[in-house]
Amino acid sequence: MKRISLTQYLIEEQRQHSNISSELRLLIEVVARACKTISHSVGKGALGDVLGTAGSENVQGEVQKKLDVISNQILLEANEWGGHLAAMASEEMETIHPIPNRYPKGEYLLLFDPLDGSSNIDVNVSIGTIFSVLKAPDGTTTPKEEHFLQPGAKQVVAGYALYGPQTVLVLTTGNGVHSFTLDREMGAWVMTQRDMQIPADTKEFAINASNARHWYPPVKRYVDEMLAGTTGPRGKDFNMRWIASMVADVHRILNRGGIFMYPADAREPDKPGKLRLMYEANPMAMLVEQAGGVATNGEQRILDIQPEKLHQRVAVFLGSKNEVELVTGYHQ
Ligand code: AHM
Ligand code: MG
């Protein structure tokens, strides 16, 4: 494959598609640059004194790791001054972060989970950054929290950086899903996969099976049928994978198919699952759909959900089309 840098790809996209403005291109490049910096910190590990807890809690009452806080700060600082954003929102911050008045403002809203898969940080397992871009409604440059509450179908960009054996950036601007590998010597993002496609059928599923006793009947039925193997109703064997980093699990699915599930369960009947709609489910759902997959909360398309709160949680079923449709059907 001819070496195409992220910059070159974005310029070509801008020429071809009217939905990509210069501001949006700059935004993506700035986020990608911030992810490079995060990747560098992640890579230093104990040598950079970035492991362990930060001694604080986030808005959801979860203990923050040092890298959660560092990554959040890197993304805020990188994106504040460029003039392309009206405001940001982060899984790690209680409320939105408007662009300070000393900087020019733009028309976009940026949302991110700065470091997803926090439980894997200290054990040197893949983690990632997830991001989503919306347009500020009515061109407002002083947005409030309610301006962020747009269904995922309104996202103009979604992507993630995966900090694994290689650092990769996977991106969609609504024209397919493409992957860029960080060339560490050159400090450049180089396109390594174009138009990633999720096969409609799969023999692999991902779910935290330690919660099985709490699952509701549709999920229990679906998983039991897969576990029954060749003699069960599915008539084939399934393999199971669970990395506990959504970015890494979704990356596997984008590469070789599969279904990822984080359902609501009976532990906390008022809580619709663990994952967050705006920072995790929406961007991943856009990527998955752009790659030919499906993403639902068991009842409806994730991208159609009208958010009510910034930190709202949602059940997630995403990946290979035929499997996600099957388990969604079991919920009807
Ligand atoms: P985080 O944002 O606090 O890191 O939590 C999200 C992560 C996902 O990456 C992953 O799919 C899930 O939590 C793992 O949950 P569990 O600990 O139940 O395995
Ligand atoms: Mg997360």
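Just so you know, glycine gets a Cβ as well, placed from its N, Cα and C.
Nobody curates TrEMBL annotations by hand; they come from automatic prediction.
These features come from TrEMBL:
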DOMAIN    5-193  domain 'Fructose-1-6-bisphosphatase class I N-terminal'
BINDING   GLU91, ASP113, LEU115  Mg(2+) 1 binding site
BINDING   ASP113, ASP116, GLU280  Mg(2+) 2 binding site
BINDING   ASP116, GLY117, SER118, SER119, ASN208, LYS274  substrate binding site
DOMAIN    198-331  domain 'Fructose-1-6-bisphosphatase class 1 C-terminal'
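Features as recorded by TrEMBL, highlighted on the structure.
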{"residue": "GLU91", "record": "Mg(2+) 1 binding site", "Cβ contacts under 8 Å, 6 or more apart": "ASN58, GLN60, PHE112, ASP113, PRO114, ASP116, ARG276, TYR279, GLU280, HIS311"}
{"residue": "LEU115", "record": "Mg(2+) 1 binding site", "Cβ contacts under 8 Å, 6 or more apart": "ILE38, LYS65, LEU67, ASP68, SER71, ASN72, ILE121, ILE127, GLY128, THR129"}
{"residue": "GLY117", "record": "substrate binding site", "Cβ contacts under 8 Å, 6 or more apart": "VAL125, SER126, ILE127, GLY128, ILE243, ALA244, SER245, MET246, VAL247, ALA248"}
{"residue": "SER118", "record": "substrate binding site", "Cβ contacts under 8 Å, 6 or more apart": "GLU62, LYS65, LEU67, ASP68, ILE127"}
{"residue": "SER119", "record": "substrate binding site", "Cβ contacts under 8 Å, 6 or more apart": "ALA244"}
{"residue": "ASN208", "record": "substrate binding site", "Cβ contacts under 8 Å, 6 or more apart": "TRP242, ALA244, TYR262"}
{"residue": "LYS274", "record": "substrate binding site", "Cβ contacts under 8 Å, 6 or more apart": "TYR262, ARG313"}
Per-residue pLDDT averaged over the domain 'Fructose-1-6-bisphosphatase class I N-terminal' (5-193), given as an integer:
94
Please list the binding-site residues from ASP113, GLY117, SER118 whose Cβ falls under 6 Å of any atom in ligand 2.
ASP113
Secondary-structure category, per DSSP, in which LEU115 (Mg(2+) 1 binding site) falls:
strand
What is the set of residues, excluding ASP116, GLY117, SER118, SER119, ASN208, LYS274, whose C-beta falls within 8 angstroms of the centroid of the C-beta atoms at the substrate site?
ASN120, ALA244, SER245, MET246
Using DSSP reduced to three states, classify GLU280 (Mg(2+) 2 binding site) as helix, strand or coil.
helix
Within 8 Å of the centroid of the Cβ atoms of ASP113, ASP116, GLU280, which other residues of that chain place their own Cβ, given that this set defines the recorded Mg(2+) 2 site?
GLU91, PHE112, GLY117, GLY128, THR129, ILE130, MET246, VAL247, LEU275, ARG276, TYR279
Excluding GLU91, ASP113, LEU115 themselves, which residues in that chain have a Cβ inside 8 Å of the centre of the Cβ atoms defining the Mg(2+) 1 site?
ASP68, SER71, ASN72, SER90, GLU92, PHE112, PRO114, ASP116, SER118, THR129, ILE130, TYR279, GLU280
What is the Cβ neighbour count of ASP113 (Mg(2+) 1 binding site) at a 10 Å cut-off, with all protein chains included?
28
